[in-house]
Amino acid sequence: MEPGPTAAQRRCSLPPWLPLGLLLWSGLALGALPFGSSPHRVFHDLLSEQQLLEVEDLSLSLLQGGGLGPLSLPPDLPDLDPECRELLLDFANSSAELTGCLVRSARPVRLCQTCYPLFQQVVSKMDNISRAAGNTSESQSCARSLLMADRMQIVVILSEFFNTTWQEANCANCLTNNSEELSNSTVYFLNLFNHTLTCFEHNLQGNAHSLLQTKNYSEVCKNCREAYKTLSSLYSEMQKMNELENKAEPGTHLCIDVEDAMNITRKLWSRTFNCSVPCSDTVPVIAVSVFILFLPVVFYLSSFLHSEQKKRKLILPKRLKSSTSFANIQENSN
């Protein structure tokens, strides 16, 4: 119910003695002033009867949860101008929408493909606040009031949180250069991913409604093998392209949407369906391994067979020759 004009006029024109009356009345209520026969006696020398009644009514309204409203604030308290407050509300609404989108797209991860328009909107609102000059002096401009006026800096914290989340998700890898739409490679990968999941669902045996309820997945492994191999090959190509484009930044990833989609597919294929894709390079790898293993044996065997076998010749020592010749001389002399 809206207050009448008389009450509104009385609130807008509060007498100057009212703060003093409230202070004394609160002191009496808290026991700071001595009690007499009645509270009127305490204020008899300070306030008239009518003024005292007004103080009592106002004190009761404050104790019951009422307040003085904006009139209780100092008249020189700085406040935002309408244009700056509108910028703050725009940023608040955009932040709320982006936060809801991020939470709803957490599992399965769809952050980049679902929330990129809202992220661009938040970035735009933050740029508007940073560039706002306000209608007052430079020291109290809109940007300074919203971004640097207090220790918490809530607007700055929210903006940094959104930017950090976007960078860690590497959503720029899923978008075009101007970040206005999904890239062609991302759209193609997501289409193959949806096609592979559709193949899984159509080839499940039985009437189960969930991927995790059936036990026989032979039809899934047989009929969806090509779809899975195509998706896996495309993912490997995207990884190689990303590594070539980011040579100066090792450890970069694809966007979180693509990585999570591939992880889901591999988990279903390997763990849930227990399928396996035979490697076409198995035979050449085994042949090369066996050849390298027996190469030393072949080398030493061929060396032994083709080397010249020389007979051993006994060579007598020189001392033995001299002693033999000396013995012959003695025999001849005798």
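Including glycine, each Cβ sits where the backbone N, Cα and C put it.
Comparing Ser37, Ser72, Ser130, Ser325 with the features listed in Swiss-Prot, the residue bearing the annotation phosphoserine is Ser325.
Remark: of the glycosylation sites Asn128, Asn194, the most isolated position is Asn194 (fewest other Cβ atoms within 10 Å of its Cβ).
Predicted-model confidence for the topological domain 'Cytoplasmic' (306-334) is 58, expressed as mean pLDDT. Taking Cα separation as the measure, Asn184 (N-linked glycosylation site) is nearest to Asn263 of the glycosylation sites Asn128, Asn263, Asn274. DSSP assigns Asn177 (N-linked glycosylation site) to coil in the three-state reduction, placing it in neither a helix nor a strand.
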